[in-house]
Every structure is written in structure tokens, then in C-alpha cells.
Amino acid sequence: MWIFETMDFENNLAFAEAMDRDDPLKELRGEFIVPQQGSESVIYMCGNSLGLQPKVTRNVVHGQLDQWANLAVEGWFEGEEPWMYYHKSLKELLAPMVGAVVSEVCPMNTLTVNLHLLLVSFYKPSGKRFKIIMEAGAFPSDQYALESQVRFHGYDPADAIIEVSPKGGALTLKTADIIAAIETSAEEIALVLFSGVNYFTGQLFDMEAITESGHRAGAIVGFDLAHAAGNVPLMLHDWEVDFACWCSYKYQNGGPGGISAIFVHEKHFKDKTLNRFAGWWGYQENIRFKMEKGFIPEPGADGWQVSCGQVIPMSMYSAALGIFKKAGFMGPLRDKSIRLTGYLYFIINEVNKSLHFEQFKIITPEDIEQRGAQLSIVATKHAKEIFGELVKRNILGDWREPNVIRLSPVPLYNTFVEIFQIGQQLLAICNSLPND
Ligand SMILES: *Cc1c(COP(=O)(O)O)cnc(C)c1O
């Protein structure tokens, strides 16, 4: 167990090594392939963008290629895990990742496609209730999806989309301001759609409070969990979230372009008025192959499937979720994540202290209730040079214009020593830059 119950961090190697030694999840790093540069491991801080490859993934994919080679079309119904039912075992792993009942989740398609499919069902503008409330600065794909959905229903995005922005020069939103925005337009809102964690600021939203407020206004509430799933614990069912979707390739290590998944709350299962863009794979499973006219959905989230199961991407996602299961899912990972990212927060401020000015300004809230793994750090001077130097020194974060460096320590595979080293390197880089 953790010996350092408090967060009295120290800026020295011995402390970081002791934290790693006492990390109850330290063995998990060995499950991943950490990229090498020469004889050194890269310090990978980009798990918010593309998670690392689990060692087991290659074997799992080869297993599916073997099934295809050996059984060909019979693989749909035969073999150890017939493809026809492959998504079912994956659903068992998805449910604890997001706090859902198994029937509420289903892997399918890719993220933005799923967002569109869910909006077809859950954005139901009518009369003066046609508006959507979202955070300003949402991920571009979500903005485009919503604009195009609004236009599809014959509205102008300028009238129909309300963006909530931080107040008074703040960089992140207050829950109270989100709720106030919902209440101000209560009668006009059809849908509240937020991210769980904003990709740019790293802010973790109070999804339970937002859901409650949206429902009080009479709106449907959905979340894009791209940066939240596999990063922070979620309780979608208990929070009564109406729908959600996420991708598998960020914190969940499902591989580039990997399969997405959806959540639909069970309270909607019996609603026959919901529109959907249907396909044969969402048809009731036991009579699907009668190939009859007239769509009858499979009960639950599975009824939103459109095309036949994407077995290889599902197998990659399943391999990766096996490691979350080993970890005990999100509880233990979040315990470590709070410490690991807390340590990064501390180390960045140590660098500022050594430099005697605020070279780095952290946008992400310090409060653990309002952040996940990622810190978004503004480099107030020489931003591009600093980021370039980090890359040269095998520290891989990511860059957002004009001056933001995002670093995401991932509790599955990052270490406290890596964070200590980032501090040492940042200090060395800044000391070597011209002083202007
Ligand atoms: C990463 C991300 C996406 C990416 O969508 P794809 O369809 O998988 O390319 C969409 N929305 C959010 C909020 C994201 O963070």
C-alpha cells in the first residue's frame, strides 16, 4: 500500500523512487510496450491522445487472424469465441469501466459516428425547446457534429447552440456557472451535451450535477467521455446520464482508430418513440437471420448497432481492458492517478520556484475533483523551444497552439521517477534559454 498517505511531496530522486517502490500497481507497467529511443525508454506523457500498446494485444489479434484463417465464414458461429457474440464478453468489461449495467453499453463504430447516431435518437428539438448547451472550446469534432445535427433539423447553429464560457478571466468553468446557464435557458433546451473531461484544459466536470440540472430543466443529458473513460471513475447509471460515448484509443489503450462504445441508460430501453438510424446488426439477435422486413431492435444498447461486429478492433479493446480488470478497474487506478498527477503539479511548481518566476502556468484545476490525469501547462515564455527540447530529450507530451503543453501521466504505466525527471529536464532546458 501507499506509504505516503498525505501529499507531502519532495523534489528528489529518493522520494520518487520510494513512491514507485510502494506503488501497489507498479507491476502493470510491464504489461505495456514503452517506446525506446536508443537504449532509453521514452517518457510517454501522451496517453490522453494514444495509449500505449499492451504486450498481449499482438497475440490476441493473431488469435483472431488464426480463427479467420482456420474457420473462415464459420468463425461467426464457431471457434472459442464466435464473432457473432464477440461483443458480449467485451460488454462485461465495459460496464465496470463506466459504471453501467451490462445491457446499457455496447462497442461499435468510431466515436464521432456514435455521437451522430446517439444524437439522432436523443436530440429531439420541438417547438421552442430546440437548443443545445455545451462547453465553449469543446473538441472540434463534437462542435462539427452538433452544428451539422442542428442544421439537419433546420435550425441555425448560431441560434440553437449555447456555449458556456468561463467567467471573469477564469480559464475553466465553475459548476455553478454551468448550472446557471442551464437554468437561464431552461425552457428552450432540448439537450445538454458536455465532455466528461475537456481535452484542452483537462478540467473534469461534475457530471452528476450537470445531469441533475439538465433533467430539472426538462432536457436530455449526454456526455462525450473520450478523455474521461479510463481516466476517472464514472457512474453513468447512478447519475442517470441519458447517453454517452467514448473512444478506446486514448486512456484505454485500444489502438489507433480503435473501436468506440456507447452507453444508453436503461430507462430509455422501452421508449418506442426514439428515432434511430438502424442497420441489421441492431435487429433482434435471435431472429436476425430471418432477414425480414420491418426493424425490430435488439433490447438495450445493442439495438443501436448498425453494422456487423468489428472483431479485430474489439479484440484489441478487450485485450487492453483485461489489464484494467487486473488493476481492479478505476478505483485503484484513480488512487494512483491522483498522486501521480499531484506529483507533476508539485514538480512544475518546483521548477517555477527554482526559476524565480512563473515560467509554467497550469490551466487545469488543482482540485482533484476537477481534474483527471492530464495537466495543461502554459509555457509563458519560449513555449515552442521548450516543447522541442522536451522531445529531443525523449519526453513525449503534446502541443496545443499557441503555448500549451499537455502532459498526462497514466497510472497504468507512468512512474514517479519519470515525473521527477521531467522536472529536472524542464529546469535544465529553461536555464539554457536566453533570459529576456
Ligand atoms: C478524441 C476525441 C474525439 C475523436 O473522435 P473520433 O471520431 O474518434 O476521431 C471526439 N471527441 C472528443 C471529445 C475527443 O476527445
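Using N, Cα and C of the backbone, Cβ positions are placed for all residues, glycine too.
Any TrEMBL annotation is an automated prediction that lacks curation.
For the recorded site, Tyr249 (pyridoxal 5'-phosphate binding site), the DSSP three-state label reads coil. Look at TrEMBL and you will find Leu111, Thr112, Phe139, Pro140, Ser141, Asp142, Asp224, His227, Tyr249, Trp280 tagged as pyridoxal 5'-phosphate binding site.
Summarised as a single figure, the pLDDT of the domain 'Aminotransferase class V' (183-268) averages 98. Residues or ranges marked as domain 'Aminotransferase class V' by TrEMBL: 183-268.
Annotation comment: TrEMBL describes Lys250 as N6-(pyridoxal phosphate)lysine.
Put simply, Lys250 (N6-(pyridoxal phosphate)lysine) is 12 Å from Leu111 (pyridoxal 5'-phosphate binding site) when counted between their Cα atoms. Around Ser141 (pyridoxal 5'-phosphate binding site), the same-chain residues six or more apart in sequence whose CB sits under 8 Å from its CB are Leu111, Thr112, Leu115, listed in sequence order. For the pair Lys250 (N6-(pyridoxal phosphate)lysine) and Asp224 (pyridoxal 5'-phosphate binding site), the Cα-Cα distance reads 13 Å. Binding of pyridoxal 5'-phosphate is attributed in the record to Leu111, Thr112, Phe139, Pro140, Ser141, Asp142, Asp224, His227, Tyr249, Trp280, and the widest Cα separation among these residues amounts to 31 Å.
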